[in-house]
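Before any comments, here is the structure.
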Ligand code: SAH
Ligand code: SF4
Ligand code: F3S
């Protein structure tokens, strides 16, 4: 019997979340329904992340927890980047896993579910030339802020990173496909589109790059906001920077990971930029759009990182003054060049450095939020807050804003930012000015 209900759990980056949404639509198209809250699903899809050891191990502990008290279990599909990295090995590691499906093959999931319900244990980690996107149903549902994958894979091969192996070579979805999906997401209710790619600013179709694509998407009626993530510093073109100055719908926020403030470490990471070229991009961006909010990613404890290297990371955090940033302890990943480098850093040192870096980042984040108090701006309402009558939305700078309002998800309302916390802001509705 093929299952009638499913549950999908996505871990990892926004692209995984997007993939999870697409898998849900696909299963629904094949007659399955999401399991009601609190009820066991007959099919469970774990959409996993391989980026750090902790994330990958979580996949297996979650699989283990799917066995029910009476010894029965749902059909279990391991999807995402752990599935890609481990392939058939995953079935040997856990007898509970029925299906192994990689991120480029999930359009075949409904077929694999049928096979599994007949007792087979199919594995598909192909990266087919025909894009999975062509085999997916059209978009019918969209959140106020909707994800849209436009580029996948990575050719950069940073020495610590598994993405080039789990997601394959860089590919861009064609211009027409992206615009069609963008249009249907807006028709389905999206007011904001977040264009996604592991190296989204390397998106290209012939002569056209991300800057042209953003300008075309900005012409869609009913769409109010555009964001994109994640960008690589080496692919920040002048055309894209200029778009920030000229396209009103493009939000003043840029996630531009630098990873380290030490050029020696950046070289060992194979990052193909230096601190100087990175800071030059930031400078140009600020000239194009003076209120741009910047965010980044950092790795502490990369092999060979000295106290001086780490100090340089703290200095670049101060120099940029990030509005937000994500920092991670280096995690040695099987098959990556950095995993076998000498001078792996002790866990205690990584812990200390991470703590210090996070304190520094938090201070900048709070300062950024405080600098916006008193500012008249708009928020896109996304969901209900905890308190009665309270809604939560996003400012142009991606701050989470709490506001008391009868407005509903999808509304964009005028507010004044009245108070700042480390992780969110409070806003007050602005009365409509008399005409
Ligand atoms: N393509 C993006 C993001 C890749 S993964 C980019 O190049 O910036 C998201 C973040 O995870 C990375 O920016 C990096 O900071 C972190 N990361 C990747 N591999 C890691 C590893 N082996 N250990 C710790 N952090 C890692
Ligand atoms: Fe990983 Fe580097 Fe590619 Fe980002 S650019 S996905 S960190 S290899
Ligand atoms: Fe994780 Fe794969 Fe994304 S490894 S970060 S889910 S591309």
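Here, residue 1 is simply the first one shown, and the rest follow in order.
Even glycines carry a Cβ here, placed using N, Cα and C.
Some features that TrEMBL has for this protein:
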DOMAIN    4-118  domain 'MTTase N-terminal'
BINDING   13, 49, 81  [4Fe-4S] cluster 1 binding site
DOMAIN    140-367  domain 'Radical SAM core'
BINDING   154, 158, 161  [4Fe-4S] cluster 2 binding site
DOMAIN    370-431  domain 'TRAM'
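Structure with TrEMBL features highlighted.
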residue	record	DSSP (3 states)
13	[4Fe-4S] cluster 1 binding site	coil
49	[4Fe-4S] cluster 1 binding site	coil
81	[4Fe-4S] cluster 1 binding site	helix
154	[4Fe-4S] cluster 2 binding site	coil
161	[4Fe-4S] cluster 2 binding site	coil
Among 13, 49, 81, 154, 158, the binding-site residues in question, whose Cβ has the most other Cβ atoms within 10 Å in this structure?
81
Shell of the [4Fe-4S] cluster 1 site beyond 13, 49, 81, same chain only (C-beta within 8 angstroms of their C-beta centre):
11, 12, 15, 16, 48, 50, 51, 55, 80, 163, 166
Work out how many Å separate residue 158 ([4Fe-4S] cluster 2 binding site) and residue 81 ([4Fe-4S] cluster 1 binding site) at their Cα atoms, rounded off.
17
Cβ under 6 Å from ligand 2: which of the binding-site residues 13, 49, 154, 161 qualify?
154, 161
Within the set 49, 81, 161, which binding-site residues show a CB-to-ligand 1 distance under 6 A?
161
Can you work out the mean pLDDT of the predicted model over the domain 'Radical SAM core' (140-367)?
97
Listed in sequence order, residues not in 154, 158, 161 with Cβ within 8 Å of the centre of the [4Fe-4S] cluster 2 site Cβ atoms:
156, 157, 160, 162, 163, 164, 198
What does DSSP give as the helix, strand and coil breakdown of the domain 'TRAM' (370-431)?
2 helix, 33 strand, 27 coil
Cα-Cα, whole number of Å: residue 81 ([4Fe-4S] cluster 1 binding site) versus residue 154 ([4Fe-4S] cluster 2 binding site)?
13
Inside 10 Å of the Cβ of residue 161 ([4Fe-4S] cluster 2 binding site), count up the other Cβ atoms and send me the figure.
21
List, in residue order, those binding-site residues out of 13, 49, 81, 154, 158, 161 with a Cβ under 6 Å from any atom belonging to ligand 3.
13, 49, 81
Measuring Cα to Cα, tell me the gap between residue 13 ([4Fe-4S] cluster 1 binding site) and residue 161 ([4Fe-4S] cluster 2 binding site) in whole angstrom.
14
Rounded to a whole number, how many Å is the Cα of residue 154 ([4Fe-4S] cluster 2 binding site) away from the Cα of residue 49 ([4Fe-4S] cluster 1 binding site)?
16
Distance [Cα-Cα, Å, rounded] between residue 161 ([4Fe-4S] cluster 2 binding site) and residue 49 ([4Fe-4S] cluster 1 binding site):
12
